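Inspection log for the structure reproduced underneath, given as structure tokens.
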Ligand code: KIV
């Protein structure tokens, strides 16, 4: 059992800031449904992200843009029902917060009220500052997300590493400080150079959780379907696969198919 699992009965935004202060790394994984969230939470993962990556891994879309607020709430409700210990953070989907702070607050309130999630995550820096403040003023904890922000994929054009150039790195550092000052409790940094991510983590008191951002940050997040190998066509350098479920599940389904066809299943012991 991990140190964190023993120490914290229930993870709060405050526990995460404490973990950073104590030098304890934070573990975070996505989940989108009850069964997966139950396993992830039972394993002692500190933060469960109901990510808009559900748009890719659950619904099969090419990007995160199509998923709706109602669909995010559906996923979040199922996750919250399973979780006893982890902090549940829910992504505000594309189109639910970008137009103005009032709309952002309305969307965040719907997530908190209807799903029972504990915090929301928004992508972006300076551009969404007023929305972040508005949500925080309503007492809703906010996690920031900088670097590669998949909701802006059509602006970037590619999923390659962000902030390699000086100007973008400087903007990222300014945005990170702004998000901390505004009151965010944590920040996700996606696909940026490890040196820059370390510098940002060291300059903030709130935890920085990385995905493809090296080991100098305060915690790591991965998409659960990627790390257990249910997806197999997505192979970025930062991804460590802990299982090869795509192969294992294929073998199991083939075996079941053969057992049914050959009348091997069900056996005498498997019937009434
Ligand atoms: O939606 C998601 O899964 C995310 C993670 C990649 C951080 O935002």
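Including glycine, each Cβ sits where the backbone N, Cα and C put it.
TrEMBL labels come from automatic prediction, so no person has curated them.
The Mg(2+) binding site annotation in TrEMBL covers 52, 91, 123. Within the same chain, residues at least 6 positions away in sequence whose Cβ sits under 8 Å from that of residue 91 (Mg(2+) binding site) are 49, 50, 51, 52, 72, 120, 121.
Feature annotation from TrEMBL assigns 3-methyl-2-oxobutanoate binding site to 52, 53, 91, 121. Around the Cβ of residue 121 (3-methyl-2-oxobutanoate binding site), 22 further Cβ atoms fall within 10 Å across all displayed protein chains.
The feature active site, proton acceptor is assigned by TrEMBL to 190. DSSP assigns residue 190 (active site, proton acceptor) to a strand. Take the CB of residue 190 (active site, proton acceptor) and look out to 10 A: across all protein chains shown you find 22 other CB atoms.
DSSP assigns residue 123 (Mg(2+) binding site) to coil, not to a helix or a strand.
All protein chains considered, the CB of residue 53 (3-methyl-2-oxobutanoate binding site) has 20 other CB atoms within 10 Å.
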